[in-house]
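Participant: Here it is, the structure, as structure tokens.
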Amino acid sequence: MVRPPCCDKGGVKKGPWTPEEDIILVTYIQEHGPGNWRAVPTNTGLLRCSKSCRLRWTNYLRPGIKRGNFTEHEEKMIVHLQALLGNRWAAIASYLPQRTDNDIKNYWNTHLKKKLNKVNQDSHQELDRSSLSSSPSSSSANSNSNISRGQWERRLQTDIHLAKKALSEALSPAVAPIITSTVTTTSSSAESRRSTSSASGFLRTQETSTTYASSTENIAKLLKGWVKNSPKTQNSADQIASTEVKEVIKSDDGKECAGAFQSFSEFDHSYQQAGVSPDHETKPDITGCCSNQSQWSLFEKWLFEDSGGQIGDILLDENTNFF
């Protein structure tokens, strides 16, 4: 059950307090102290309820109450506490001991609430305007950031390529001088082509003459061996030598060709002074065969007697092949 309010009792006075009532209440509280508000009306003889006595003391008669306008710090405290606690003005007044809960409530309803609503409306309008104005700027800022990031990535890639190139050059130090030498040779090759073209013919004739001199000496050595072996090889060698001599005569440099031909003619002259002829070349081979035949005469006689003259015919046929 809910307790009925004390103000509804018969004989209780309502309305504003008179100065005489204030003096009676203040003198009683100074003697007994604030508290036990139910006994105050009966003890003082006031025709007021206990609640009215408490509120009159707390909001108007107690010492240290600050009157007048609220400071900026007090306004911020009230706004912050009202957002946290709501309309609990007595709890809010406990954080501001110089202000009463009734004064805080009245000041909130008359000034702070309207002021706060106006500030919120202005802030919302500013936010809307800033959002509308910042939409193209934000897109441009994003595009600029993307462009700057792309440029930075390109720079990074180029720096990486340069670093790779420098690393490859550092790891292969022999490549750089080769490249420089090739560049210098290619630049100087165009200048030296004309000078080298004139000397190329002389070098070619010199090379052919030197190779021919060496080939004539080799042919002379081979001719000596061919003279001992068979006359057929000598004829073929003479033909080869004559054809090579003709080719040398057709060359450009006449002096070197004449010297080579002279060396070959001197070799031929020395060979003729030795008195060697194609008929005489095969005779030493026959004498060697005859000497070998005298050594094996006893064996041949025995074979001739045994085979009935067949060996003699074979030996005569073999000797005829040497002629």
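Note that Cβ sites are derived from N, Cα and C of the backbone, with glycine treated the same way.
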Participant: Looking at C7, C49, which is the one Swiss-Prot tags with S-nitrosocysteine?
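Facilitator: Going through C7, C49 one by one, Swiss-Prot annotates C49 as S-nitrosocysteine.
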Participant: To which residue among C6, C53 does Swiss-Prot attach the annotation S-nitrosocysteine?
Facilitator: C53
Participant: Short question: which residues 6 or more past the ends of the DNA-binding region (89-112) have a Cβ under 8 Å from it?
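Facilitator: Tertiary neighbours of the DNA-binding region (89-112) are 55, 58-60, 64-66, 70, 74-75, 77-79, 81-82.
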Participant: Of these modified residues, C49, C53, which scores lowest on Cβ atoms within 10 Å?
Facilitator: C49
Participant: Could you put numbers on the helix, strand and coil content of the domain 'HTH myb-type 1' (9-61), residue by residue per DSSP?
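Facilitator: Once the DSSP states are binned, the domain 'HTH myb-type 1' (9-61) shows 31 helix, 0 strand, 22 coil.
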